[in-house]
Amino acid sequence: MLCPWQFAFKPHAVKNQSSEEKDINNNVEKDVKVHSFVKDDAKLHSLSKKQMKMSPIITSAEKHPQNGIKASNQISRCPRHVKVRNMENGSSLLDTLHLTAKEVINCRTRACQGALMTPKGLVRSTRDGPVPPAELLPQAVDFVKQYYSSFKELKIEEHLARLETVTKEIETTGTYHLTKDELIFAAKQAWRNAPRCIGRIQWSNLQVFDARDCKTAKEMFEYICRHIQYATNNGNIRSAITIFPQRTDGKHDFRVWNSQLIRYAGYQMPDGSVIGDPASVEFTKLCIELGWKPKYGRFDVVPLILQANGQDPEIFEYPPEIILEVPMEHPKYEWFKELDLKWYALPAVANMLLEVGGLEFTACPFNGWYMGTEIGVRDFCDVQRYNILKEVGRRMGLESNKLASLWKDRAVVEINVAVLHSFQKQNVTIMDHHSAAESFMKYMQNEYRVRGGCPADWVWIVPPMSGSITPVFHQEMLNYVLTPFFYYQVDAWKTHIWHDETRRPKKREIKLSILAKAVLLASLLLQKTMAARPKVTVIYATETGKSETLANSLCSLFSCAFNTKILCMDEYNISDLEKETLLLVVTSTFGNGDSPNNGKTLKNSLLTLKLLRKNIRYAVFGLGSTMYPEFCAFAHAIDQKLSQLGALQLTPVGEGDELNGQEEAFRTWAVTAFKTACDIFDIRGKNSIQLPEIYTSDDSWNPKKHRIVYDSQTMDLTKALSDIHGKNVIPMKLKFRQNLQSLKSSRVTILVKLSCETNQEVHYLPGEHIGISPGNQPELVHGLIARVKDAPPADQTIRLETCTEGGYWASEKKIPACTLSQALTYLLDITTPPTQQLLKKLSQLVTAEGDKQRLEVLCHSTEEYNKWKFYNRPNILEVLEEFPSAEVSTAFLLTQLPLLKPRYYSVSSSCDMTPREIHLTVAVVNYRTRDGQGPLHHGVCSTWLNKIALNETVPCFVRSADGFRLPKEPAKPCILIGPGTGIAPFRSFWQQRLYDLEKKGIKGGDMILLFGCRHPDMDHIYKEEVEEMKRKGVLKEVFTAYSRQPGQPKVYVQDILQNELETKVCNILHKEEGHLYVCGDVRMARDVAQTLKRMLVKKLNHTEQQAEEYFFQLKSQKRYHEDIFGAVFPHEVKRI
């Protein structure tokens, strides 16, 4: 006979825990269990002691039975509580509730499994028979105890009577049934115990619908329809659960096959694309195979597939009127409606299992209401879902080709704004993720007060956006399983035993033996096919990961026809070089033309090789920035070395400019390399190879996709620039401008002072950068407008619109509504030489055959293009003058010209010394192209700052430069090296030190300035101010290098560094742990670094390797600071 009392008065754990069951928090045995039925235990014991002898309750003071295990082998018992801390406010909570945890959900191995989607401990599989009574009874007793413990007043008699009833029912039938009140209690507790739910603060308000009398799938459907209508409530969403009959023997289960009651279909098309929700593709196929007629829309609600009493499933379509959907719109962006998005109002999970006291309810759909990010981030933005992020970013005019622009973050915020706005406008319940996080913190604190714990899965609780600015991010959490509980289940269609085999979806079942043979055969055929293909090795070197991304893309492309593998350069064995058939190299250039760190080994190994015994083929693509003179230098060095070794170049070196269409350039180069390789290696069927989608986009200009419409609004330049660049642009005024060079000098360096409006403030630190958004020269703008065939009136505001795939016109958000003159002056880059991609599109607009032929050569020959570009350095107006038959439209310029990027300058003032002002030191750039014989070109920003009138607006913003700040310890000595305008940030340094000395009484450490210029009477800028700083004790010593004194040898800063400051520099850096700052162009910085390394070799008796390591340590310790800018003008042009 079954006896409940042996379980009723034991601790919470019924059976002795073996070493296999570990506590999920401490990974030790659960030797201690807390008795959850605390109040009046003695009374209940006295009532039952006639029937049985009560087993002692285990406490932490009692000794464990030996059980034949040596004491030395015992695992220490887990603590009575675990402390969870809040990193934000320093508070802590003590969790004891976890001691009653039921399951081991993960982390029983050495590898943490906390981020797995469905750990084994959270999944319940099917059963082959009923739960044995001996297993069921203790779980039933435990649940009954939990239920009666929930009452404020004890109901001992009712509790005992219920225990006897349950015991008899299990004894006679093998199972038992919950009362309706117990079912309601269980459902609410299961929600309360759900560790992955952030919205549990509403757990006690759950509406429970008891559908245990249901017999058929049709009745299930009727219950679910009533559930949806109740829960939707015209948008005022109410949480509810419908519970169908419990599992009996595992062969008569009730199941809802859908993962959610409402979900959109996903249709896999023949070309591999998906219409609708990609997450629903598999289930949608199942619906179609079961007889549902697809509609092939983006937002088709899939039907319900319901299984009653273990029978084959039936399919039901919802009446349209019971599904509430919310069309998406944005409070600011009108074009958001044009995306034609919507979402259903009711989130209802349908495929989980409710476990209560050993009973399993396999069909129990339940709902809450949406948190905005569930739709706005996961459903709309996940790559594997609707994936609208890039489209939204494009419409917002964001730089989606540059991750550092944070375009994804800006776009996802606006998408979530749209979701919240749309639901609120339709009066449909939704909660933003910040409010949800706040409510969870309140719930968690209350649960610790009431229950002594709160199971929570941090990975799921923290919302998918905003991270550490939500309070839950900073809260430690314990994750454990209590009972009652909602478990995951294996998809029903994967386990269902069909009664009518004719209705079974076609699974194309194959016997295991046949399948094994087929797999083996396919494997052998694949190996044979791959072995027959020419081998290609792709190697890459990277600092930021961009080269690796492109190398993987290249590998995918070549895998269409070649046997490819990919390696990082530091994994590549140089001895394999002669074994290669085709070697593809993708690499960035680091610093002053050096290799990335993971390319140095290969670089050194290549230098040791003399000649290859086999003629391999190769191709190289380089990434870099044309701001620097050593653009793609490492890529060219590899190309040159491989050529010297006798390797054959497949295609010319490709170059990807970070500032101008890098990915476009890579795709063009990659396709060219692939097609050339297919020709050389005579690949069969090369003309019918299906390339990856990324390589098949059309680069041609289609004028029918764009149009210009007139607009009445005027552009707010500051707001427009803020939106375009994602910066807090401040409209400052030009207060003062002074030429710092002598009037006898042919060059100009200006001190620019900008001031705030009276109602504004600006904050910055010495050494930080100021971004200036300049204007292009009026002469250039007017000349360009004169070449536009459909230029609108000068003062007419225009708006660019693009035709979408659906055929409607949408405003293009790359640039706002403005006049053409404003766009060409402030928003678009008209001075940078056009890319090959732009020239290719321009070739469509020329009418003269000669122009067309020349443009075709420039488009397809990288060598010719580079010669042309570096010799002419043409702006877009000069290009149109070179190809006079080109007829460009307003839409062409607005869509094809790149955005005008801000120019950055080191701040030359102290915010404390000159509040509400920004001072800049600017070299005005003028140069002639074509070896000095070409047209006169001007630096965009420097010329603009030198020509605008006083009090004219200068849009600017502050950019942090964390690596170029004064020492945190003011007493540390500093060496400042800055020739020319490299002195700019050091002026902010000495002004700050002077302010600290005179206003705060803080005496800074020794500061030595090493300046360089051409001639003492020409361009020795800030000479008097520097002398004053020396007199006041702010600067201890000042050294100046003059490179153009008549009759004197050229002296540069690195010469003085080595000849006059060798001992001093080594003492400051090595003994006094001081700081060294270098500001200037990249060549000077490289020379200073090399000089310093030679000094270290000499003064510290270091080897070259040790000097390199010491130099690296200085940088790591943030005691060697560089503020380096690219060459102001390239080698091929001559400055005047």
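Every residue, even glycine, has its Cβ placed from backbone N, Cα and C.
Binding of FAD is attributed by Swiss-Prot to R903, Y905, S906, T921, A923, Y927, V940, C941, S942, and within the candidate set H725, H763, H769, H1102 the record adds H769 to that site. The local packing around W460 ((6R)-L-erythro-5,6,7,8-tetrahydrobiopterin binding site), expressed as other Cβ atoms within 10 Å of its Cβ over all shown chains, amounts to 17. In the structure shown, across all protein chains, H769 is the one of the binding-site residues R747, H769, R1014, R1044 with the greatest number of other Cβ atoms within 10 Å. Y927 (FAD binding site) and Q260 (L-arginine binding site) are 67 Å apart (CA-CA, integer value). In this view, W369 (L-arginine binding site) is surrounded by 21 other Cβ atoms within 10 Å of its Cβ, with every protein chain counted. Ranking the binding-site residues Q260, T542, T589 by how many other Cβ atoms lie within 10 angstroms of each Cβ puts Q260 at the bottom. C197 (heme b binding site) has W460 as its nearest neighbour among the binding-site residues E374, V459, W460, C941, D1087, going by CA to CA distance. Within 8 Å of the Cβ centroid of the L-arginine site, not counting the listed residues Q260, W369, Y370, E374, the chain contributes L346, P347, N367, G368, M371, I375. Neighbours of S547 (FMN binding site), defined as other CB atoms within 10 A of its CB across all chains, total 28.
The least crowded of the binding-site residues C197, C632, judged by other CB atoms within 10 A of its own CB, is C197.
Each of the binding-site residues C112, C941 was scored by how many other Cβ atoms lie within 10 Å of its Cβ, and the smallest score goes to C112.
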